[in-house]
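The annotation transmembrane segment is assigned in TrEMBL to 12-33, 45-65, 85-105, 140-158, 170-192, 219-243, 255-276, 288-307, 345-370, 391-414, 420-447, 468-491 (among others). Annotated domain 'NADH:quinone oxidoreductase/Mrp antiporter transmembrane' per TrEMBL: 136-441, in sequence order.
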């Protein structure tokens, strides 16, 4: 009798569809191999390799945009990933953030008299984790992407061995991040126990079967709540935001830019995908919780930022407030009976793309100012007289701050107007009013920085020197801010067909 050897059939992989991930992985391995096995390259070359790798990933993602059907997601790797326009757009935002941060880091490390290839390799692995998160079609796959992103950011936060603040930031981020991951994973386990699957679409199908097969929702609701807690930490939602100002302040400024842009975009898009795809039938349960979290996040982020004196802490609370605005869009998408429910998803897609460019540009300016200051700090005093010493540089920062405040003719106005309009469209008038009031309060924070730059005299008349790569990164961010602010249709037309993509 012939023993039959069981045949293992692996998943069919569309290599072109996962090409951005492969390019990022190749770039990370190349940087590590070159740094370990060859003489050190000339200063700045590692940053260029990282930026070039991210650029290639962006180009491939643009080609994928045209390859993806508007009728629904394209399943990859045995259904582990779901590629749709929502995921592709978020991937472009993540890779763009890595591109700009790599350029700024090159100048930052030059000022620190060091050039470490592992820093750029971690940038690329963080991007891999972020892309897996935004395209995940399974909670376990999402967790793997989350941990890949998180572990990279833990190491990056503590990468400046010369500063105790950086070591403290990395340790604090690691410990609290571990607790958040545990909450999320326990929520996944309970959700699996309630539905029998971790596949997002299958979870929705299982919940719809509750109509004919009654079950106890307690296990499911606890699981959803625990996952929301895990996501809340990753995106700095109140009351899970306590780590954010300390970690943002202590980390190297380019790393802070990556956390606030790529890290937050990945977690927010994953949060939206999970709740809209897996739990639309339970929107009446999670919608009120999102409403409360959005309101708290908006109020605390805007009000507490007013009393800060360190610019990095100001921007940390500002990023908390921005997360609240994105939650406004998610809350709008929970009103399943409203004909305008899809506007919330479109507004979120627009917001995350514009926010990524905006926050990287702002932190790039902060990085330059901090390196030109006497003690390397990013206090308000460090910005005094920048407008007189380098008016073009100060003007760029002013444009970025006005965009963060949501002033018309900037990308920030387009983003904030979109989520507030979505909230009004579904009848969430209270949340829309809270968002508008908090936007006014937050504007005072940005005004303080502008006053310090233009109306305060510096202790020294030395001009702020802006390195080449930082100039390029800031110029790109300002250009995106102004072009989309003046011609919002360039982005709105692309996102007009996202209404149903994230929910399929």
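The backbone N, Cα and C atoms fix where each Cβ goes, and this holds for glycine too.
Small disclaimer: the values here were computed from a predicted structure and weren't measured.
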Is it true that the transmembrane segment (85-105) and the transmembrane segment (170-192) have 3 or more CB pairs under 8 Å, sequence gap of 6 or more?
no
Same-chain residues at least 6 beyond the ends of the transmembrane segment (391-414) whose Cβ lies under 8 Å from its Cβ atoms:
318, 350, 354, 357-358, 361-362, 365, 368, 439, 442-443, 446-447, 449-450, 453-454, 464, 466, 474-475, 477-478, 480-482, 484-486, 488, 491-492
Does the structure show the transmembrane segment (420-447) and the transmembrane segment (219-243) touching, where I'm treating 3 or more Cβ pairs under 8 angstroms (sequence separation 6 or more) as a contact?
no
Counting only pairs 6 or more apart in sequence, are there at least 3 Cβ pairs under 8 Å between the transmembrane segment (345-370) and the transmembrane segment (288-307)?
no
Apart from its near flanks, which chain residues at least 6 from the ends of the transmembrane segment (288-307) lie with a Cβ under 8 angstroms of it?
225, 228, 232, 236-239, 241, 275, 313-314, 317-325, 327-328, 330-331, 334, 428, 430-431, 434-435, 438-439, 441-442, 444-445
Contact set, same chain, for the transmembrane segment (219-243): CB under 8 Å, 6 or more residues outside the stretch:
139, 146, 150, 172-173, 176-177, 179-181, 183-191, 193-195, 207, 263-264, 267-268, 270-271, 274, 279, 282, 285-286, 289, 293, 296-297, 299-301, 319-320, 323-324, 326-327
Among the ranges 45-65, 140-158, 468-491, the one whose Cβ pairs under 8 Å to the transmembrane segment (255-276) are most numerous:
140-158
